[in-house]
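Per Swiss-Prot, the features are:
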SIGNAL    1-18  signal peptide
DOMAIN    224-643  domain 'Peptidase S53'
CARBOHYD  235  N-linked glycosylation site
ACT_SITE  300  active site, charge relay system
ACT_SITE  304  active site, charge relay system
CARBOHYD  326  N-linked glycosylation site
CARBOHYD  332  N-linked glycosylation site
CARBOHYD  519  N-linked glycosylation site
ACT_SITE  561  active site, charge relay system
BINDING   602, 603, 621, 623  Ca(2+) binding site
């Protein structure tokens with residue numbers, strides 16, 4: 001599995017190195033397995049010049065976690081006292097000790113001080129050096145690697161060493177063990193949208209009445225979900241406030257772009273209180289473009305705005321359309337979300353991540369500007385309906401990104417993500433055709449970025465045939481399995497400890513399990529899931545039979561892509577009410593939600609199968625299929641209005 005490709009913080013080197021290292025040096029990163037699409041070729045010429053970048057460890061990450069829990073805990077006297085952008089940057093900047101010690105090491109090994117510079121965001125030390133110098137410095141060997149699909153070459157090593165005393169000061173070094181994904185090579189995407197389309201059911205296709213008349217009540221909510229159905233399900237009243245700065249942020253990428261014509265058709269049919277021409281505020285990242293023509297409209301973007309606008313109106317949305325059309329037409333990078341995070345946080349910004357699209361884009365028609373760094377303010381609520389398999393990215397990459405979500409939480413930002421549409425399985429390509437993990441493809445594969453403990457992850461439900469949205473319960477979605485389970489990287493969060501233990505006491509699935517952090521003891525003793533991992537989803541919302549307009553036609557759409565913007569829109573509405581009385585935004589909501597499960601509609605039926613198993617089952621209380629349940633807007637509003 002891919003997670004095993006990178007081992008961080010190993011206590012001692014294994015195997016024999018061509019260049020011996022001092023006794024106090026240890027392996028910092030090692031690639032255990034060469035990806036199948038790459039071939040190791042000859043040693044790099046020792047005279048070759050390498051642009052070296054040393055990522056410095058950020059300060060106070062543990063303190064940041066504790067502080068976020070404190071200002072997010074409803075029992076804390078500091079609840080809601082969020083930090084400013086400047087306070088967050090200052091808190092996490094690499095310490096001067098880290099900078100000085102790493103620089104001193106480089107100079108002691110013959111890298112002259114006038115060759116070393118620090119990046120403008122203070123996160124990296126950088127210098128140019130010959131391959132011979134770097135191999136001696138890191139006790140490694142550099143090779144040329146060839147990508148089998150494209151013939152393109154890349155420079156990397158199998159492993160590298162740093163002094164034991166400096167391990168805690170160094171995040172990672174490039175060029176290092178990572179192999180770049182190659183532009184222009186067709187392959188299965190490791191990142192995907194959380195939605196799929198289906199034809200209108202026959203009952204709607206046969207009727208000759210206008211959809212607005214047909215669906216102007218809740219009688220057919222079991223067949224087609226409209227804004228009226230969502231309001232009935234969650235007791236959502238019509239909005240009346242639009243505080244400047246409280247717009248709902250929606251992330252889009254992979255070339256999925258909304259159509260204004262589709263929005264107008266949806267508004268005129270299902271949300272006539274919203275004027276024609278209403279559109280999100282575009283904040284384009286790295287050459288992205290929106291909107292598009294109706295013939296090229298993306299179902300994901302159309303869904304996100306059509307399902308959320310009726311909830312938040314008269315408030316508006318902000319569209320963070322990300323990456324230039326050249327890249328998004330054939331997204332061949334295993335990394336994801338970092339170019340967006342760069343754009344809203346200059347301190348995070350880096351031009352060297354080998355897993356993300358590089359800018360300026362040298363390709364014909366590519367974005368020729370510099371990588372956008374810190375050019376936009378983050379929204380107070382952000383909805384993300386994209387993701388992939390946790391096993392497809394290095395642990396260090398995911399932990400650095402997860403720490404960034406923590407920083408946004410400290411600033412009062414709520415980040416809501418879809419849990420995925422593959423149950424307990426992963427998706428796309430590696431490591432097996434079934435997308436499950438382990439040598440036999442039976443180990444459950446958790447989702448990315450849904451497992452980060454600083455995000456609010458939303459699973460999917462549907463309304464059974466014949467059910468009344470005003471009085472009948474939803475069940476876990478069945479047309480696809482809602483993503484849920486336990487991380488192989490992150491430990492179970494403190495805020496969910498009791499809820500998860502209660503689940504195991506009431507509805508233990510009986511599967512063999514293992515206990516692992518950072519994939520340290522993956523699949524030991526025949527286990528198929530990580531019992532102590534961060535559990536997800538946190539909550540759920542409607543995720544099937546949703547009516548939208550796409551490419552000018554009404555259609556049904558499903559996926560946890562629908563659930564995430566519904567819950568995000570509800571948080572935006574709650575923020576409106578808190579801001580109106582001088583209170584802060586709700587920020588990171590998970591500690592409050594787990595402390596008050598009574599504000600949810602508990603979902604007790606359904607499961608999320610995968611890997612040849614039944615997966616997990618919905619149960620009373622929290623479960624790894626539908627989380628705490630679906631929102632009851634008035635109860636959620638009363639709860640958050642009662643807090644400072």
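Cβ from N, Cα, C; glycine included.
What Swiss-Prot annotates, mapped onto the structure for a quick look.
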residue	record	Cβ contacts under 8 Å, 6 or more apart
235	N-linked glycosylation site	632, 633, 634
304	active site, charge relay system	250, 252, 258, 383, 385, 561, 565
326	N-linked glycosylation site	287, 361, 363, 364, 365, 366, 367
602	Ca(2+) binding site	620, 621, 628, 629
603	Ca(2+) binding site	461, 473, 474, 475, 476, 540, 618, 623, 625, 626, 629, 630
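For residue 519 (N-linked glycosylation site) paired with residue 332 (N-linked glycosylation site), the C-alpha to C-alpha distance reads 25 Å. Recorded residues residue 300 (active site, charge relay system) and residue 332 (N-linked glycosylation site) have their alpha carbons 19 Å apart, per Cα-Cα distance. Listed in sequence order, the residues 600, 604, 618, 619, 620, 622, 626, 627, 628, 629 complete the 8 Å Cβ shell around the Ca(2+) site centroid, once 602, 603, 621, 623 themselves are left out. Scoring each of the glycosylation sites (332, 519) by how many neighbouring Cβ atoms lie within 10 Å, the top position goes to 519. Classification of residue 623 (Ca(2+) binding site) by DSSP places it within a strand. Fewest Cβ neighbours within 10 Å among the active-site residues 300, 561: this applies to 300. Neighbour density for residue 623 (Ca(2+) binding site): within 10 A of its CB lie 31 other CB atoms from the protein chains shown. Mean pLDDT of the predicted structure over the domain 'Peptidase S53' (224-643): 94.
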